[in-house]
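**Q** Got a structure for you, questions after.
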Amino acid sequence: MSSSVRRKGKPGKGDGKGSSRGGRGGKGHMNKSHGGGGGGGGSCGGGGGGSRKASNRIWDDGDDFCVFTEPKRPSRPCDSNKSKGETRPKWKPKAKVPLQTLHMTSENQEKVKALLRDLQEQGADAGSERGTSGEEEDSEPQCGEEQGWPAGQEPIFLPDCSPWEYIGPEEVEPPVPECAVSPLAVQKLSRYGFHTEHCQLALRICDGDLGAALEHLLRQCFSETFGERMALSEAAVYVSLNECVEQRQEETLALKSICGEKFIERIQNRVWTIGLELDYLTNKFCKSKQKESSKNVRDTSPETCKFYLKGNCKFGSKCKFKHEVPPHQMIGRAERNVNDPHLDADDDTTFMYELQIRFSKDHKYPYQAPLVAFYSTNENLPLACRLHISEFLYGKALEFAKTSEPVVYSLITLLEEESEIVKLLTHTQHKYSVPPVNVPPVPSETRISKPAYRKPVVPSNTFLSNQMLEGERLSELEEDADEDEGPASIIVENESYVNLKKRSYKRYDRPAKSLFAENSKICRQFQMKQASRQFHAILQERQLLPAWEERETILKLLSKHQVVVISGMTGCGKTTQIPQFILDNSLNGPPERVANIICTQPRRISAISVAERVAKERAERVGLTVGYQIRLESVKSSATRLLYCTTGVLLRRLEGDATLQGVTHIIVDEVHERTEESDFLLLVLKDIVMQRATLQVILMSATLDAGLFSKYFSYCPVITIPGRAFPVDQFFLEDALAVTRYVLQDGSPYMRSMKQIAKEKLKARHNRTAQEEVEEDLRLSLHLQDEEESVKDTIPDQQLDFKQLLIRYKGVSKSVIKTMSVMDFEKVNLELIEALLEWIVDGKHAYPPGAVLVFLPGLAEIKMLYEQLQSNSLFNNRRSHRCVIHPLHSSLSSEEQQAVFVKPPMGVTKIIISTNIAETSITIDDVVYVIDSGKMKEKRYDAGKGMESLEDTFVSQANALQRKGRAGRVASGVCFHLFTSHHYNHQLLKQQLPEIQRVPLEQLCLRIKILEMFSTHNLQSVFSRLIEPPHIDSLRASKVRLRDLGALTPDEKLTPLGYHLASLPVDVRIGKLMLLGSIFRCLDPALTIAASLAFKSPFVSPWDKKEEANQKKLEFAFANSDYLALLCAYKGWQLSTKESARASYNYCRQNFLSGRTLQEMASLKRQFTELLSDIGFVKEGLRAKEIEKRAQGGDGVLDATGEEANTNAENPKLISAVLCAALYPNVVQVKTPEGKFQKTSSGVVRLQPKSAELKFVTKNDGYVHIHPSSVNYQVRHFDSPYLLYHEKIKTSRVFIRDCSMVSVYPLVLFGGGQVNVQLQRGAFVVSLDDGWIRFVAASHQVAELVKELRCELDQLLQDKIKNPSMDLCSCPRGSRIISMIVKLITTQ
């Protein structure tokens, strides 16, 4: 809403009509002071009788209609969905929602008026100067008066930063605003000798990262001078990184002893600086010149723009003030405020000259020359001289690298030699010390449109411009110049999503000449490699795999068909061999036909392990021709032609590279898993193959359902590869109980309770058909009880008693049947698994020795079993080293995951405890035994929560076969399924339901809209083209939830909030809670609540101690909020954890908390922090693993994110407000009965209603009840008649489990929908959500103030979400709005 048109009232004649926008005025003259008739409470000129003079103020005290009485008409209950059959309440008193009054103190009113007045005046001034409107106007900061040049008086000069004006047609989005580049960062970079325009370009390319921008400029500068000399020598390739790091550490100690405090290691093994005192340079350039020059500049130039200094001037090149930072502001504290750890000083000691040594990650110094930079604060030293000194020093470093000698001390000595350096001072010109040459406009036919929200790509001036492919963006020249510096150097990146997204918007094509040269080199190396003994030895092993026999068939089909489906059993070699068949075939051909292959994997560990395996088979290290890329990590180089990546990484690339330019083959592995991402990728690829006839797609499945995929791609050909495995004996639960002689003890947690047995019997009776009921009654009446009695196969085992189980399992011992009859089949029995492991390790059987693979549902079960085995002397290795135990889970580090592939010493049994990650994604060769718990975590839609959740479910028959196939790789194997044979044959599904049909679709909707190819399509039309579309009702519900959250517009367009939620792989409501927690600086508590919502509540309630557990929970309660009670409990746990593990255990036991749930929440908090860091909402570079390592007890998030992100972490009212924004529209109205009164000696007193008399109603579901586990269960009075909830549970009645009271201001300021103000019976009613939520404003002024403040807040949140790097603390407009919101929520 434009601030310049907020008031439509006219100061004129009276009798105007009241409206939510103000009164309709009369025809009074604007240039006179006659008062208008006002009308119904108009704004300018006021309302009322018309006797007051018109005022130019926005609000006046006389406009305040003080209406404190509530309207007499009772509020209308919103129960439109009440079913006809619902019984009326038994009590007679009518219940109603108390209509609360929206108050605001006079002090707060004045402050809000002053704030809005300032904001609107600035907006009006900005609008009149600019003459534009819309999003561009809203997103710009507010500036002071007379900031821009008067119309027609603008000075004529070229704009500072305009290269993007030459890229693309007019509809391309406006350039990155100047606030994206800090003037302090530009000034800092320029002191290395680079011109400010080069600095600005580099900073934009590197997303404001000062260290990365410096390295980018240095490489660009040095590559033009030294070219191929910068290449890594062949000797350095084979040197280990550990050896290089050790030598650097030794040199560090030597430099510290020689240079003392002048030497500083800014970043360990990355950045060194040495302060220098070069008096001869200071004396050579007289300081008087500087003073004279600066004086002339001050006399002739306009003063510096104050908004530019703050980092954001909306007028840009039209501003009449100077966009430069004065030299006096660049020293001291201001200079150190540049937020870059690579360059910041650790203390206040400064030197006029500094030598900086920089090492990239995995740098091979001293076998490889480091980047060398000469830095000076001497403003009289010419920029060109600084660069010539840096080049001279780098040349010396290259010479030392040939002999692998340390170079830093030698460089210091060279700088102190006046005779050597003075020679360089005669060179006063350098290409990078002057502005770059203007880039010519791109011809219109080669311009390429950009997708929505795409950041502009800044071109670079390089020498490759004449070698570009047609249609390639100019920005690629810069990247290719870097790539052509030498042979393929492996780049290991921890790349954030922000940087990945920015890079993805550049074309992936490379210059034809550069690509041909690189391919020629790769072909030559491959031909040489084929002659080596090592390669031949590995090739012979590869030829033993079943996939090798189909090599010619596969290549022949690919030469004729664009899409091929390959079905192969686990272990046939399809994942490792088929990509190599394609690559090797292309390497034996001409260089211009070399393949560029991407192979997707469903999990991170798969991408890493397979890439390392394939690289080993090719007798090279990973990162050369074979690399991998996962979220936040990539190991690849310019020579990589086979890239293994996760499905999500490829989908992210598609956001900026819609047709996968430069890619020749896409291989989608494990398509049979039918994940949401893989099904969506198939839809995208089906579109791309229609556009790119040269792109080939190979789908690989480990099951025999390949026909479905073949049909989806127009009946493309299918190849079936047989598996290679030894016979595997398959056993079930009854067999496991027999061999281990396991017996359930009384009171065992794995025993079914009597209540559960009764429940199962009741369930079985309900599930019977009418015919089965008749048959059962007839059997009982005729006493048909013979030996041949049978039990129907449709009845599950858990619904049978001992006698029925005897009938079903003939030949099984009674002791086993007795155990089965009382066992809880829904639980994973860790005791039985331990007993099986003892049987296997003891070796009292005929099976050969080998590794054991145990499949468990999730990380919690893995931890429990691991700890349980550690208390068993057979497994803990305290007496003898008989076993080694490895957990395997996707959240573990790469090093921990790789340990499972290491073969143990002779006589030691390797036990791997894994989730279904080991089912198809990876192959562990030495596994002989498999224990299948029969359970897995599966994403499901939780109707109670209205969101996605991970639930324990039984595996399918296909899953069970895959798990069985993991055994028998090297010898005859054994597989124990911990479910019965009957359950396997009659209860398990043949295939799991595709994920897309059982999960909420909000995330996929957002992902579809973020892709350029689907951004303008109707969601229904896109979903209908999926291989197996979800139900239309599921899509409809997801669209409603997205609109309620503000992520999607009614016409299905993505909002800025939706854009960022699409980048967070979490439920959209949790994502919104995380974002708002970051914006309002209460991050840590917001993440704690988000982790609980995403996982589960840590409060536990044992059957025999329910009352005691509820009382303990009430001790944490305050502000009528389950979420704030959770927050208190979690804080207490963190404090106890910092004391000791024992204290943590006692705290959980005493307060009925689950320690494992709290640990899972802590892990989730760290993951959420990483995600926010990844998209730029908290400081970049935060990684969950690093946070966990640095945490000294607790989760470590508060310390990692810093005080700035948690300024309001102790403000419970603000936390509730942020929660309101995330959970809305999950609001419950509290209806209270009409008052009862009691006579007393002092008069009549109103009685509090009983808790049972309160009624709770939702907008869509009618009446609900508060769950007994909630802290609000027995509450008799709520200060506010509105509660927020997260989850509904339907049993005999509909319950809301956790809820939190929310007051007036959070609802008005953060609730969904538009705020409406209406005059009803003399009172101004503020309403939300079509009148579902209503308040009475204390006055018209209060109503309008709140409404206008809500508009400003909405706009500010949009600006922040559009630009996550915007600092609301330093932004004058943002900080004032946030402060006012916090004050109103806290004090009113």
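Any Cβ shown, glycine's included, is placed from N, Cα and C.
Heads up, here are the entries from Swiss-Prot:
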- 34-51: compositional bias 'Gly residues' (COMPBIAS)
- 79-89: compositional bias 'Basic and acidic residues' (COMPBIAS)
- Ser128: phosphoserine (MOD_RES)
- Ser133: phosphoserine (MOD_RES)
- 175-220: domain 'UBA' (DOMAIN)
- 299-326: zinc finger (ZN_FING)
- Ser475: phosphoserine (MOD_RES)
- 555-722: domain 'Helicase ATP-binding' (DOMAIN)
- Gly568, Met569, Thr570, Gly571, Cys572, Gly573, Lys574, Thr575: ATP binding site (BINDING)
- 832-1012: domain 'Helicase C-terminal' (DOMAIN)
**Q** Across the domain 'UBA' (175-220), what does the mean pLDDT come to, as a whole number?
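**A** Averaging the confidence scores along the domain 'UBA' (175-220) gives 80.
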**Q** Tell me, by DSSP, whether Cys572 (ATP binding site) is helix, strand or coil?
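**A** In the DSSP reduction, Cys572 (ATP binding site) maps to coil.
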**Q** Counting by DSSP secondary structure, give me helix, strand and coil numbers for the domain 'UBA' (175-220).
**A** 32 helix, 0 strand, 14 coil
**Q** Using a 10 Å radius around each Cβ and counting other Cβ atoms from all shown chains, which of the binding-site residues Met569, Cys572 yields the largest count?
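**A** When each Cβ's neighbours within 10 Å are tallied, Cys572 tops the list.
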**Q** State the count of C-beta atoms found within 10 angstroms of the C-beta of Thr570 (ATP binding site), not counting that atom itself.
**A** 21
**Q** Note the Cβ centroid of Gly568, Met569, Thr570, Gly571, Cys572, Gly573, Lys574, Thr575, the recorded ATP site, then list each other residue of that chain whose Cβ lies within 8 Å of it, in sequence.
**A** Leu545, Pro546, Ala547, Ala702, Ile721, Gly723, Arg724
